[in-house]
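Asker: What TrEMBL records for this protein is below:
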- 734-911: domain 'U3 small nucleolar RNA-associated protein 13 C-terminal' (DOMAIN)
- 232-251: region 'Disordered' (REGION)
- 102-143: repeat 'WD' (REPEAT)
- 198-232: repeat 'WD' (REPEAT)
- 429-459: repeat 'WD' (REPEAT)
- 494-533: repeat 'WD' (REPEAT)
- 552-593: repeat 'WD' (REPEAT)
- 597-638: repeat 'WD' (REPEAT)
- 639-680: repeat 'WD' (REPEAT)
- 681-722: repeat 'WD' (REPEAT)
Amino acid sequence: MSKTSFRNSREIGPVFTSGPVALTSDGATLVGCVNEEPRSTSLLSGSTTGSYQTDSSGVTSLATSPNNAHLAIFTSSLSLRLYPLASSSSISSTIHPAKHIPRAHDAPVHVSIIDPTSTLVASGSADGIVKVHDIRRGHLTHLFRGHGGIVSALKFFYKPGSTAGTWDTMWLVSASADSRVRVYDLAAAGTSSPIMTLEGHVSVPRGVGVSNDGRYVISGGRDAVVLIWDTRPPAENGKPEKGGAGKKGRKNSLTPVLVKTIPVLERIEALGVLESEDSEGRLKFYTGGQKGVIKVWDAWDAKILQTFGEEIEGSSSLEDDGEESRQILDILYTPSMHSLSSVHADQNVLTYSLRTGNKTRQLIGYNDEVIDAVFLSSPSPAPSASRNLDTHLAIATNSSLIRIYPTPDIHTADSAEKGLLNPLNACLLSGHTDIVLALSSAPNGWLASAGKDREVRIWVPIRMPLQEKDDENDMDEDVPEVFDTVKWTCVAICAGHAESVGAVAFGGLDSNGVPSFLVTGSQDRTLKVWDLSVLKGPTPSSPVKLKSFATVKAHDKDINALDIAPNGRLVATGSQDKTAKVFEVGSSQDLTPTGTLKGHKRGVWSVRFSPAERVIATGSGDKTVKLWSLDDWACLKTFEGHTNSILRLSFLTRGIQIVSAGSDGLVKLWTIRTDECVTTLDAHEDKVWALAMSADEQTIVSGAADSRIVIWRDSTEEEQLEKEEQRAKGVELEQNFTNYLALNDYRNAILLALTMNQPGRLYNLFKSVRATRPTKSIVSQIQDIDSSQNITGSVEVDQVLATLSGSDLVRLLGHIRTWNASARTSTVAQTVLHAVLSTHTTEDIIATFGKSGPEDDLDAEFVRALKGKDTPGMDLRSIVDGLIPYTERHLSRAERLVQDSFVVDYVLGEMDMGIALGGLDAMEVS
């Protein structure tokens, strides 16, 4: 059966594109900025839970409260906004600030943090000022000056007292660009001076922490060292205190001692102290920065206890760019989950378990432009030898890293059953040194990637060993007790092209779906055929270099696309030289040209063989899709409808339909037999470069330059069932309406017509009722305009209109506005409007529209109809504005008719007078 509709079932869009990032204390929600708009995203479902209304300026800092109730956002306009934080189960909505401080600082705020009690928020600005605000009341509680530059780090430290709800120590630790670390006592009233000033760094400290007992302060900075200070009071060290007892009401200044200097051999961008869990109570801290890995240290042994991630190495300019993009900008510590999450410069967030050392989540914050996409299959868990089809989705973007997303929507009905299959839990394949341009997959799960680095890499799926949690509190709640994962590993490299490789395809599939050769097309205008036989044995431990069977100069310009026929005997290519060519694959895997397809006026961007017929389809920059015969190379059909270049296409429904994607941001579905575009899928705002089809043809994936990946599910049968149900329901309602009219049951007839949203039937009802009114002259009608009895022609209809309320009254006023705009239907409109205004007070009508917006109770179709291109909305103001000018026009016309009627009377009177005078003259003559 031909497909006629697809529905947007899921989108993978940006989570954060730039700026600061925060994580809730339960690890369930991440807050970041998408195009300068703060958003919170559930890490369990992958959906947006809230968008936070700010001004148009960018966000410079944000912080979440430990109780997950508050969100503080600082913007470059120097304002502070405090919001209620949306929970991970919330439905996406716009959240307005509960408190707004227009000018919280005199300079931009770069660091902020909320204290453990979730009542205070501290912020440090570029002018060296640290302020503390009360979250509930919004007023300033503390102001600390003295920093010699930009405040670069903040940390609260509270030490509980002997009684519940009290604190023995309330410190705020800050660091600034003057290389100093300062400690302030929040409990000391009337002072803004630090109780400690720690000097030792020679560059900006980027992270500070305090040991659990409050004795040691740890700091790390861009000078690549970590310093540890002992903050014991001088009396405990046997040293006299400076300044004697100090001023009354102030605590004595402490004299810290630098006890440890640890060189970490990298610029530090984040540092923190871990909560001690072992019996020895060792002091442990974590660092992250230039090398892109998280390191957990033993403070006293200066040894690395754990390393999370792969350390960046390399010195070439290209690798330096990749090194910079993979640096760590921040580390988010979640004690309740025993995890560390590193925020990287390439908008990726990697979460690791402190107990097992495993990576538990890899969140891709921003994909940038999506260039290509293919579905991947993975091996089933042992002992089964079968494969799960379309378990993952490989995405190529304008990056050297390949994204691999799980696809729970496709291979399981309940994605919650697969804890790891979270749309935000992806993995990255590294190996290419430049942007990946094209992808291809084989039924056995192999993946081929081609890039600007002039290489093609072959990746094979490997199922990793089963892992188990150490205990029930180890990792995220959405991770199952026992699980296994599939990882794609690079096993082969094809190197030989002189320019970027922009097209790749597997061919020669055997009965198990294993390919025997690979074809690549490049900007060097050549095709190469590569031997894959060396990969059919055991998986190699390191990538092997593949050999080329054949090299053919195929086109005069860049090769944009290629495809291999289902039987593996033909190869088709598309090029910027406006042609597509077909080559035959010989027994020795050589290529022989057999036909050239000419007819496009622009470069050919996509080619596909039909899975059932001897035809081939091409998509071009001339906005057309052409269907060609493989027998005589003639153009059989041309499909026109896109408004810009067609970049991708594929056959569907056993070859009787074609789906195409273009630079106009649209995906179109064509039926070949009728040359008709049966549906257009519109969800992108930029060029759609990627188009992938699932094996069962029930799912289409489109990816575009707007960074969005949309998963479309076939909804043909669902829509047909819905239409049949609506048709049956419509027939039943129409019969009921006819029966009500026959019985003169106007109440139910009017209510049913309003419910069915059929203004035509409603108008005819009012028109027929109005026709039964006694005929009066226009003058009499104007004189009787204030009459409230039998206004419409039926007392029962008047009573029905008097009892209308809520959405029914709003619907009726909307229809009256439409009828009143035409002179032909205005008399009925004015009659019904007169009845409504006579039976409803102004206060009642205003109250009806004021109940949280009448559109909440109206069906979507009706609202869309009343918000069309030439129709205003459904608020009271728009309805009144639409009624007044036409009503005044109708009144003016009626008044003119009245005046004209007197002229007729005058003329008739004059005619009667003339006839009378003519009779008198005749009598005189006689």
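Backbone N, Cα and C define each Cβ position, glycine as well.
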Asker: Suppose you look only at the repeat 'WD' (494-533); what would the mean pLDDT be?
Answerer: 93
Asker: Which sequence-distant residues neighbour the repeat 'WD' (102-143)? Criterion: at least 6 residues beyond either end, Cβ under 8 Å.
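Answerer: Cβ under 8 Å, 6 or more out: 60-67, 69-70, 72, 74, 76, 78-80, 82, 149-156, 158, 172, 174, 176, 178, 184, 186, 192.
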Asker: How many helix, strand and coil residues does the repeat 'WD' (681-722) contain under DSSP?
Answerer: 7 helix, 20 strand, 15 coil
Asker: By DSSP assignment, list the helix, strand and coil residue numbers for the repeat 'WD' (597-638), in that order.
Answerer: 0 helix, 24 strand, 18 coil
Asker: In the repeat 'WD' (639-680), how many residues does DSSP assign to helix, to strand and to coil?
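Answerer: Residue counts for the repeat 'WD' (639-680) by secondary structure: 0 helix, 26 strand, 16 coil.
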